[in-house]
Amino acid sequence: VVKEKNRMGECPIWEERENALVYVDINSQKVCRWSTLTNEVQSVSVDARVGSVALRQCGGYIIALGTRFAFLDWDTQEVTTILELEQDKPNNRFNDGKVDPKGRFFAGTMAEETAPGVRARRQGALYTFFPDHSVIKQLDQVDISNGLDWSLDHRTFFHIDSLAYAVHAFSYDVHTGKIACPKLLYHLEKEEQMPDGMCIDAEGKLWVACIDGGRVIHIDPETGRRIQTVRLPTPRITSCCFGGKDYSEMYVTSAYDGLDEATLAKEPHAGEIFKITGLGVKGIPQNFYAA
């Protein structure tokens, strides 16, 4: 649905108030918005790699870029830094993020590659940024903090550390925002490659984008089993979310960075955004950051 190619398209969110899909292109340092009404893509350039974006209750967006949290005013394109973290780790940056049921922004970090395929291990963390602008560190020694979501009863938090090739479930206290007691939920099969972004549907099942696996997999958190695989026409599938007027469409982002020239020549859809219909399930609306 979006032909404009992203180097590293990520973190799609459906913005009902705009009838639009909002997402980031991490490596192009851009926050983008595709209007389903006009079919236009608008973007705002920022001064660092931007790992995630979420809706704010009062309008505009919260973003995690570089190693800081900031607010983005879409109309003025102004970015206001609220909090800087990990200043002792100049090679780190924020990656995926999402707002919890109480309006707190969860976002995690990772170390950048220093050479192709080379990165310092266990340098990342997962943070929760509260509406009063305070922050807590929830996890430490993470490799690549990635996909995250919450169970429909708000008692479980799901999280991906990509280099563990797994989805973990944590107990979650909706009142405090704290997570605890990680359990392995699903370990990816070899052909599924590496887990990236993730979302939950209205039946409480998870959908996980598989980077380099060219697919989104549908997992039942009750049984820890894969229910379904949806293949896409390019390998570097990065994230997914439900949207559209009744949340029955799934939007899927992809990347072209990381593909060599020979592969790119064979992958005309790399970096595009896709829409999957006919899944037979709906998603749930995004949570808003409560400040």
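Here the Cβ of each residue, glycine as well, is placed from N, Cα and C on the backbone.
In TrEMBL, annotation is done automatically, which means it is predicted and not curated.
As given in TrEMBL:
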- 8-255: domain 'SMP-30/Gluconolactonase/LRE-like region' (DOMAIN)
- Glu10, Asn146, Asp196: divalent metal cation binding site (BINDING)
- Arg93, Asn95, Glu113: substrate binding site (BINDING)
- Asp196: active site, proton donor/acceptor (ACT_SITE)
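Sequence features annotated in TrEMBL and their locations in the structure.
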{"residue": "Glu10", "record": "divalent metal cation binding site", "Cβ within 10 Å": "27"}
{"residue": "Arg93", "record": "substrate binding site", "Cβ within 10 Å": "22"}
{"residue": "Asn95", "record": "substrate binding site", "Cβ within 10 Å": "26"}
{"residue": "Glu113", "record": "substrate binding site", "Cβ within 10 Å": "12"}
{"residue": "Asn146", "record": "divalent metal cation binding site", "Cβ within 10 Å": "31"}
{"residue": "Asp196", "record": "divalent metal cation binding site", "Cβ within 10 Å": "28"}
Integer Cα-Cα distance in angstrom, Glu113 (substrate binding site) to Asn146 (divalent metal cation binding site): 16
Spatial neighbour of Arg93 (substrate binding site) that is closest, considering only the binding-site residues Glu10, Asn146, Asp196 and their CA atoms: Asn146
Residues Arg93, Asn95, Glu113 binding substrate per the record - widest CA separation, whole Å: 13
Listed in sequence order, residues not in Glu10, Asn146, Asp196 with Cβ within 8 Å of the centre of the divalent metal cation site Cβ atoms: Cys11, Asn95, Asp96, Ile144, Gly147, Ile160, Ser162, Gly197, Ala209, Ile211, Thr238, Ser239
Environment of Arg93, Asn95, Glu113, the listed substrate site - residues of the same chain whose CB lies within 8 A of the CB centroid: Ile26, Arg49, Gly51, Asn92, Thr109, Met110, Ala111, Glu112, Arg119, Ile144
Cα distance (Å, whole number) from Asn95 (substrate binding site) to Asn146 (divalent metal cation binding site): 7
Glu10 (divalent metal cation binding site) to Asn95 (substrate binding site) - Cα separation in whole Å: 9
